[in-house]
Structures are given as C-alpha cells and as structure tokens.
Amino acid sequence: MTRDVTLSLAQEFGLDAAEYQRVLDIMGRTPSFTELGIFSVMWSEHCSYKSSRHWLKQLPTKAPWVIHGPGENAGVVDIGDGLAAIFKMESHNHPSFIEPYQGAATGVGGILRDVFTMGARPVANLNALRFGSPDHPATKRIIDGVVRGIGGYGNCVGVPTVGGEVNFHPSYNGNPLVNAMTVGIAPKDRIFLSAAAGVGNPVIYVGSKTGRDGIHGATMASTEFGADSEEKRPTVQVGDPFTEKLLIEACLELMATDAIIAIQDMGAAGLTSSSVEMAGKGGVGIELDLDAVPQREEGMNAYEMMLSESQERMLMILRPDRQDVARAIFEKWELDFAVIGHLTDTGHIVVKHQGVVEADIPLDPLAEQAPLYQRPTVETPKRAPLGEVADPVGIASALLTLIGSPDIASRRWIWDQYDSTVGGQTVRRPGAADAAVVRLDGTERALALTTDCTPRYCFADPEVGGAQAVAETWRNLTAVGAHPLAITDNMNFGNPQKPEIMGQFAAAIRGMREACLTLDFPVVSGNVSLYNETEGTGILPTPAIGGLGVLDNAETATGLSLRPGLDLVLIGTGGTTLGQSLWLREIAGREDGPPPAVDLAAERRHGDLVRSLIHQGKVAACHDLSDGGLLVAIAEMAIAGHTGAVLSGEGDHVFWYGEDQARYIIATTYSAAVLDAAKAANVPASLIGRAEGTDLQVPGCTPISVATLRERHEAFLPALMAQR
C-alpha cells in the first residue's frame, strides 16, 4: 500500500520542509512513494551523518600502519606477519529499547557483517552497554533482553565475546545504549572493498530472504523516542545467527576465489543503502529488478523491499565469468543467490518492479551530496571547583560500598552468559585483565582489545571526557603489555538540533582529537548515534571508544591478579581531586565539580614506561586506575588473585578515591628496578604496599577480608536480576 507524496508524508518519513524542497528540485517533479522512501533513509542521520560529518573530519585517521580508515565498512590496520586486523564498533540503541533481545542480537549480527564483508574471519566480539538506574522498572527487563540477545547471537555464530563495559545512570532510563564491536583477521593483501566497477556486471543478492521486518529502521534510529515507542516494534529486525554463520563461511569461501569485484552488507536502509553506496563509491549507475529479490512474504511492494532491514543479507558485484562458481558455493551453504540487477553508466539508481519503474534517482544527491549541516553549538559551562569534601563514612566503609556499587561491581553475571573462549584463542578472559587478549592463530602474537568511556566526565566537561575516553582505552591496552594501534568510536549523543547537544559533540571531538594525536592512536572506523532522547530527556554524552593493540608474544600478556610476595608500585601520584568521582556520587550523594584533568603528555610518558617494564619481564600484574581510584584498583587486584595486601600509603579519602588520570598499579618482584626506571623517565612512582595474607590492610583502618570484598563485588547484578 502506498500513499500520495506530500510535504506531510515527507515529514512523517523524517525529512524537514527544506529537505523535501531539495528533493523536488533534484527530481524536477514530485517523487514516487518509493523514491521518497529512498531519499528519507539515505538522508537520515543514521545513514548520512548530516549533523556530524563536519566534526568527524577533524579526527586523525592516518598512520603508517593504517591500511583503510573511515569510509569503508570497517577500519583496517597492519598487524604484521602479513595480516590485517579489521574492526569497528556500531550502535543498536533505539532497537534495543523497543525490543531488547532482537535489538541487541541484530546489533551483533550487523557488526559481524561489516567485518567479514571485507574478507576477515571474525575472531572477537566486545560491547559497551549503558543502562538506566538499577531501581527503574524497565532496567531489569532491558538488561535481561540485551544480554541474552548478545550472548545468543554471538554464541551461535561461534565468535567469542571477550570483553566490554557497563554503566548505569538515570539518563539511560528511556534510552539504553548497546554498542557492539567486532574484530576480524584477514591477509593484508586480500581486503575486499565496496566500490562497484564494470558497467554491465551483475548485481548479486545472497543470504536470507527479504521480509517486512526493519522497514524504516534507519529513520527510527534518527528520531527521539516518545510515549508511542512500544508501537515501533515492527521496525526492529529479527536475527538468525545460524544463517549468519552459513553466510560467513560462504562469503569467506568465495573470497578465496577471484570472483568478487565489490561486496557490501545490507545493514541500515537495507537494499537501498547497499546499492547506493556501492554504485556511488564506484562512480557508476545501478539498475535493480525487484522481481528477482528472494522474498519470504507475499505481496511486498517496491518500497517495502528497498527499505526492509531483514538480516543476514549481502550485495555483491561479481565477475560475470565467475557467477556459476559463486552460485554453487552459496547453494552448497543453503543460502539464497539471485541476480537482481546490473551496473550501468547512467549515474542513477533505477528500481523496477513488475515492469514498472518505481524509482529513478541520480546517485550523487543520495550519497556524497547528501545534506550537510553545521548546526549551532553552545559550549558546556565549566564546572565550579569542588572545594573540600568531608569524609562522612571512613576509608574502609567507603570501599565496601564502592566495590559493590553499580558502576564498579563485578559483571560476572553478564559475561558468564557469553562464550568467551570459543575458537580456543582467548588468552585473557573477561575480568582477568584490563583488556581482552586474543591469540593470532599460527603465530606467537596476539591482539589486545578494550572498550572505554566515562559518561559522567563527558557530561561535566565533554572535551576532557572525550580525551579521557581515548586515554583510558590506551591505558588498558598498555596495561596488558600491548602496543596500542588504533581506535573505533561510537558517538552516542542526544538531539543534534539542540545547540547544547551539538556543543557536547564538538567538544568531545576536540578532546578525542588531541588524545589521538598525542598518543599516535588514529581513528579508523566508527558510528554516530544521535537523537538518544526520550520525551525530551537526553542521555549523558557517551563517546564510546573501542581500542586495538598488538603483542609480539601472547604469553607475555599481563593480568591483574595479585599473588603473595609481590610489591605494589603506584605509577603516578595519589588522588588529588574528587570531582565527578564515584566516591563523590556513591558516598557523598553528589555529582558535581570538574572531572579529573587529562595530561596527555603524562599519559604518554607513564604508559610508555609501563609497557617497557612489562616487555622487560619486570611486571607480574598491572591495573590502570580509573573508576573508584587507587584503593578500588588494589581491591580489584586482590579479589582477582584471592590475595590480600598490606598498604603503606598515608592518605585521606581524596588520596585513596580520587580518580586522577595517567596512573597504574604494578605488582612486581623488581620494585627497586621499577622505581629507578620511573625516576629515569621522569615519572612519579612510589612503593605503596605488598601482597600478602587474606586481608586488605589500609593504614589506620580495620582490615577487610578479601573474601568479604569479593562477596560485595559479586552481589549487585545477581541481586538486581533476581528481583521480581
């Protein structure tokens, strides 16, 4: 069923009056219903990045080890031994609020396709999740659905979920964030790209059949939520991980031949986006015959087929003489294979259905010449200095509260639902180290992987928060001994039409840029998710960062577990500020002050020292300092190693719980050598304790048993999920 095309319909589809007038000018006539649908999804924020492209161009994307940066399906970096790592992070926020299980599951499926479409076998999944307040009535249901969706899809496909992070905050009550990251490995000289070439070459559809699920999903992801959000369930796609597994194997088998000229997954905006992007990048036209599209529902019209976001589908341009080879491979894997069109020299996308031309649109205005806005920005006001904050409970009592608080408590309930070791290459499992470590099959080397962001810092000062997210990612890779190579970003923000939101976005980009430049840590891929608001209430600005590093020897990867007899050396100083700290929020009940400053030169200097010490074999365990500060980090190491510690540091609650940056705890039997190396590198360092016994002993405090800390640490999520 179609309707007459009017301004009112265009606005329903997400276009504003000026954009609709632009469509009329481009077409020289009123567009058809299908043409309007194509314009609306291609010009949505989700596909066009029309509010963010101006700012994203400021991020550094080049380095000698970067093979492909932003613009392809995923980023590609040289990791040595003739191999490339291909990785990206992407959001599935809006679908995961409406239908948590399928929203999260198809988020995993979509990011897997972005990676294997470039020729990589996926070797690891990670995620970054933000949920509402633990006491909000929807939070438990959303956590349950999201975690089951991620685990169900990843486990069935056979790709380990090796790491991630979780935050809780009331700003996510009506808008959880589900950011999924996949990493794959490919020969660096066998990377497959999406630019179509060769007028007359066939356009091939492979994978699952097309249904009505997900229609206008890209448009739904480009608007904020209201009271009718539950009615948007039909715009959430339905995933089938078993078909995805078959699709991975079939595509990789075909990629071992010389049949493929270009390949693209059908993600947001489905067949529309994949065909427009492939032809647009290649500078050719494309003609589609929708009668040939495999369909699983009867009576689908052109609009529905072009905008469906049914999962597990790919579009390819093949060499005509290799078409039979490709067909045989996909039929062997019991997947649909159909010739649905060909490339032309018109520079247009032409869509035919039942002998009727349903769409004929020039490609450039849909892609490269899509609307681009430099929206007004308002800077986030600087927070007033915090001043002195009294300690109302004491050091020991605060630790028992913090170690079990929502943002610090163990995530075991979550990661136990993920298969983190399928494939047999996982060296460091969730919770065992600051970053996941995955061995490169057939070599001694390994990848280190992590996701990081501190949204409360970003809300207080987006520029500092953006820099801190990149710096913490770099620290976590460093803490396992990896050389950090590159990042992927997932920019989760509110309504870009509000100047204060665009001000947050622009400032976060500035902070990220400075951190990436100072740390030689380029951005090679990413995703922007805007309109994360419900009934006018926006999320905390959340520029999630996914980081990738490489270790020359997987066996040298450092964990965070203490063992008896190790000295504890603090790299950096004790805490000096409580601004935006978890101590301030959980103990004092406040969320004010500026976040801790980020000294990027110190980050570089301190991290390079730590990595050097790990490579010299002088570090038995290492943990970066972040949420909760120094004492929480030591407690986490004690819990991981089932070992206590006697601490010698003299300090107040600011010293123990301040969240100053550029800091690590090193556990070592070479403390004198570590301190000498730190002095030579102009890095502050001090001996602050020794691992022994079964209690954590802080000067002036009653000892706390590690067993008690573990019990508190493990209790939060099981208790939350057991509530009725």
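Glycine is treated like the rest: Cβ placed from N, Cα and C.
Annotated features, as they stand in Swiss-Prot:
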{"type": "ACT_SITE", "residues": "His46", "note": "active site"}
{"type": "BINDING", "residues": "Tyr49, Lys88, Asp489, Gly526", "note": "ATP binding site"}
{"type": "BINDING", "residues": "Glu90, Asn527", "note": "Mg(2+) 1 binding site"}
{"type": "BINDING", "residues": "Ser91, His92, Asn93, His94, Arg113, Gln237, Glu309, Ser310, Gln311, Ser529", "note": "substrate binding site"}
{"type": "ACT_SITE", "residues": "His92", "note": "active site, proton acceptor"}
{"type": "BINDING", "residues": "Asp114, Asp265", "note": "Mg(2+) 2 binding site"}
So Asn93 (substrate binding site), by the Cβ count within 10 Å over all chains shown, scores 24
Listed binding-site residues are Glu90, Gln311, Asn527; which of them have CA atoms within 10 A of the CA of Asp489 (ATP binding site)? Glu90, Asn527
Same-chain residues at least 6 positions away from Lys88 (ATP binding site) with a Cβ under 8 Å from its Cβ, in sequence order, are Asn73, Ala74, Gly75, Ile111, Asp114, Val115, Met181, Thr182, Thr488, Ser525, Gly526, Asn527, Gly546
Same-chain residues at least 6 positions away from Gln311 (substrate binding site) with a Cβ under 8 Å from its Cβ, in sequence order, are Thr106, Gly109, Gly110, Ser208, Asp213, Gly214, Gln237, Val238, Gly239, Asp240, Thr243, Glu244
Sparsest Cβ surroundings (other CB atoms within 10 Å) among the recorded positions His92, Arg113: Arg113
Compute the centroid of the Cβ atoms of Tyr49, Lys88, Asp489, Gly526, then list the same-chain residues not in that set whose Cβ lies within 8 Å of it, in sequence order, for the ATP site. Leu56, Pro70, Met89, Glu90, Thr488, Asn490, Met491, Val523, Ser525, Asn527, Val528
If one measures from the C-alpha of Arg113 (substrate binding site) to the C-alpha of His46 (active site), what distance in angstrom results, rounded to a whole number? 17
Least surrounded, by Cβ count within 10 Å, of the binding-site residues Ser91, Asn527 is Asn527
For the residue listed as 'active site' and Asn93 (substrate binding site), determine the Cα separation and express it in whole Å. 12
